[in-house]
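Here's the structure, in structure tokens; my notes come after.
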Amino acid sequence: MDVKAAPNGVATIEDRILRITGYYGYYPGYSSQKSTSRSSVTRCKPGANCPSSHSGISRQLSPLSVTEDSSAPIFELQSRGSSGVCGHRVERQNRSGEDGTQTLPENSSQENRSKARCRSCTSMVLKAIWGLLIILSVSSSWVGTTQIVKITYKNFYCPFFMTWFSTNWNIMFFPVYYSGHLATAQEKQSPMKKFRECSRIFGEDGLTLKLFLKRTAPFSILWTLTNYLYLLALKKLTATDVSALFCCNKAFVFLLSWIVLKDRFMGVRIVAAIMAITGIVMMAYADNFHTDSIIGVAFAVGSASTSALYKVLFKMFLGSANFGEAAHFVSTLGFFNLIFISFTPIILYFTKVEHWSSFAALPWGYLCGMAGLWLAFNILVNVGVVLTYPILISIGTVLSVPGNAAVDLLKQEVIFNVVRLAATIIICIGFLLMLLPEEWDEITLRFINSLKEKKSEEHVEDITDSSIHLRTRSRANGTVSIPLA
């Protein structure tokens, strides 16, 4: 049955029904072109190439879309419907590919960060372990040196000869360093090349005769004076008192650096210097200002002063030195001592100031033990700066005070009264105050602020947890309560 075309262009009853029902494949003239459209329109199956089939439909139906405005929304829906599944799949694949390319660098960066953290943690643990070993080695070597000197004095008292003999052992410092270089370095150098490289501490031209006399002479004299005065003090005082008084060199280094090098002024170090001076006076008062006690305190304070002057002048003229340069410089001091200061013990021997019957009568075992421990102390101090934190070396030095006190108590050579014990404690506290960094006040304030922030965060978390708990209980009871906090 033929039906006339309606004003909206619907020609047949079938077209009118399809339009009313909203069939998704409907367009005006659908019934007349059903046969032709079936051959061109295909459904999108999984895995099929949907865009090509859809392009063929759109090319066939494009003339109708120009003439019929009402069919434009239908074509838009059809294009979305036909390409929906495949388009979403392609888009998801692209997104998954992009996410894969993004997650790989993120995973690699996270792995690198974790590896870096593990390396930093292991390095810190190794430094701490090395630091503990260095502390024990430094303190034990210094205690051993002091105690062997006290034992040697029972049968042999020649302090300058002992100082000269132990200083000559410094010549072996650079050979020990070069042996470590051969054992650890990947690119090994010849002894002369390494010696010239380390001699740059004297300047760009290296070690010359003029620099050898100009730079080495004052430091060698200060080195000899420091050790000689220390040995003289051990004759008058106990090992505990001398080691405690020698710890005052940190305060003298600060005062000289502040005056000569114009270092930063720090109030806490001034307090430490005052404490060191107070400990010195109390140490002299411990024996009621006895003559030997006062002389021994003067020798120990003089040794600490020359040691401080040595360090300040080294920093002024030579600056900072690495391990190799320090080994080179100490060995050079040993050569200077052997060449130019050897005449002093000879003069003292013939003038009967320091005399011994024969060389066979000398206590060579004690002398070599003292010199070896002194050399080990100097090597450990320089090695410790490389392997661990420098502050631990100073802690090892101050730990020699309780170490010597323990040995003196076992030997029953010292009687600790209240004044001597207080003086020792005050000097050690002043020494530890000297170890505080320059930014210690800022670091302390940051630490206190971080603790306050952590406490505030924990308080806020506790409040939120309690509010959530109250809300859950009120909901369970059928009421809603809002906490005031």
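The backbone N, Cα and C atoms fix where each Cβ goes, glycine too.
Curation plays no part in TrEMBL annotations; they are all automatic predictions.
Residues or ranges marked as compositional bias 'Polar residues' in TrEMBL: 50-64 (among others).
What TrEMBL lists as compositional bias 'Basic and acidic residues' is 88-98.
Annotation comment: TrEMBL describes 99-111 (among others) as compositional bias 'Polar residues'.
The feature domain 'EamA' is assigned by TrEMBL to 130-284. When pLDDT is averaged over the domain 'EamA' (130-284), the result is 89.
The region 'Disordered' annotation in TrEMBL covers 32-64 (among others).
The region 'Disordered' annotation in TrEMBL covers 78-114 (among others).
The annotation transmembrane segment is assigned in TrEMBL to 124-144 (among others).
Annotation source TrEMBL lists transmembrane segment at 156-178 (among others).
Under the heading transmembrane segment, TrEMBL lists 212-230 (among others).
According to TrEMBL, the feature transmembrane segment maps to 242-261 (among others).
The transmembrane segment feature in TrEMBL is assigned to 267-286 (among others).
The feature transmembrane segment is assigned by TrEMBL to 293-314 (among others).
For 326-350 (among others), the entry in TrEMBL reads transmembrane segment.
Taken from TrEMBL, the feature transmembrane segment applies to 362-381 (among others).
Long-range contacts of the transmembrane segment (387-407) within the same chain: residues 127-128, 130-131, 134-140, 142-143, 146-147, 238-240, 243-244, 247, 250, 380-381, 414, 416, 424, 427-428, 431-432, 434-435, each at least 6 residues beyond the stretch ends and with a Cβ under 8 Å from a Cβ of the stretch. Residues or ranges marked as transmembrane segment by TrEMBL: 387-407 (among others).
Summarising the annotation, TrEMBL assigns transmembrane segment to 414-436 (among others).
Three or more CB pairs closer than 8 A are found between the transmembrane segment (124-144) and the transmembrane segment (362-381), so contact between the two stretches is assigned (pairs 6 or more residues apart). In summary, the transmembrane segment (156-178) does not lie against the transmembrane segment (293-314): fewer than three C-beta pairs, each 6 or more positions apart in sequence, are under 8 Å. Sequence-distant contacts of the transmembrane segment (212-230) (same chain, six or more residues past either end, CB-CB distance under 8 Å): 159-160, 163-164, 166-167, 202, 242, 246, 299-300, 302-303, 306-307, 309-310, 313-314, 317-318, 329, 332-333, 336-337, 340-341, 374.
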